[in-house]
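Student: Next up is a structure, given as structure tokens.
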């Protein structure tokens, strides 16, 4: 198998885990976003969905929860070399935590013009105050991530 | 006592609590920043300092910890009408959480041109993606907050 192909399959598998976490979040009544932290060696360290409602914590977005879980497991406050997969473009708060954790690669699904802080709005990584910018790959499994969010909000608004 | 005077004394007292939390953070080897959440009725709901080292959590800045503690105490994920006092200009991550928590008034001490995300860099509240902007009062007890940070980093760099 060519290295390029292998890496692509790995990415799909990790984003599939994030999508599963997003579906589980929806079942709990949380906004369906999921995130996965992967070690530099390719080991899955944490899989989490949004938990703001269950935990009464406005910071408990999927990517923050996954980063906190991975940091707690490793006993360190940074994750150099790690990858983060998340089904939706991170907001400003999450982008700030991604920078603080020194995540090396950020893969995300759907764009979020309404609340995003990565390619929209605050564009957190485009300012020197972020101190760290991951490599960013957008549009991974975008349609599945969008469909999940659309279905969730259609039911709520219906 | 005139209402103006009374409000001013209240602000000083709340920022003094935040400065105490910053000093305690320094004693634990954490970056000396402290934060206080005050209810709409003027009741102190939470006082916290930075805890990123102790908790291995890159999101555990003083203002996020104080918001989490206040939300947990009230069993809700938003704090409408509440005030947040913090000794340093919030970074992008903290500003994002302040917006998500719907904090009504943000009082802060020292400016942070290097890492701030409120009046510097990402300027999180200046984009519609933040969905909420608190009233912002900067420069409260600025000199004390700056002196604490300077002393902390001088010892570390010495």
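Cβ coordinates are placed from backbone N, Cα and C, and glycine is handled just like the others.
Copied straight from TrEMBL:
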- B:9-156: domain 'CMP/dCMP-type deaminase' (DOMAIN)
- B:61, B:91, B:94: Zn(2+) binding site (BINDING)
- B:63: active site, proton donor (ACT_SITE)
Student: Between residue B:94 (Zn(2+) binding site) and residue B:63 (active site, proton donor), what is the CA-CA distance rounded to a whole number of Å?
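Tutor: Residue B:63 (active site, proton donor) has its Cα 7 Å from the Cα of residue B:94 (Zn(2+) binding site).
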Student: Suppose we draw a 10 Å sphere around the Cβ of residue B:94 (Zn(2+) binding site). How many other Cβ atoms does it contain, all chains included?
Tutor: 33
Student: Which of the three DSSP-derived classes (helix, strand, coil) applies to residue B:63 (active site, proton donor)?
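Tutor: Once the DSSP labels are grouped into three classes, residue B:63 (active site, proton donor) ends up as helix.
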Student: Is residue B:91 (Zn(2+) binding site) helix, strand or coil when read with DSSP?
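Tutor: Where residue B:91 (Zn(2+) binding site) sits, the three-state DSSP reduction gives coil.
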Student: Over the domain 'CMP/dCMP-type deaminase' (B:9-156), what is the model's mean pLDDT?
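Tutor: The predicted confidence over the domain 'CMP/dCMP-type deaminase' (B:9-156), as a mean pLDDT, is 97.
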Student: Could you measure between residue B:63 (active site, proton donor) and residue B:91 (Zn(2+) binding site) for me? Cα positions, answer in whole angstrom.
Tutor: 10
Student: Within its own chain, what residues at least 6 apart in sequence put their Cβ under 8 Å from the Cβ of residue B:91 (Zn(2+) binding site), listed in sequence order?
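Tutor: Within the chain, residue B:91 (Zn(2+) binding site) has Cβ neighbours under 8 Å at B:61, B:112, B:115, B:116, B:117.
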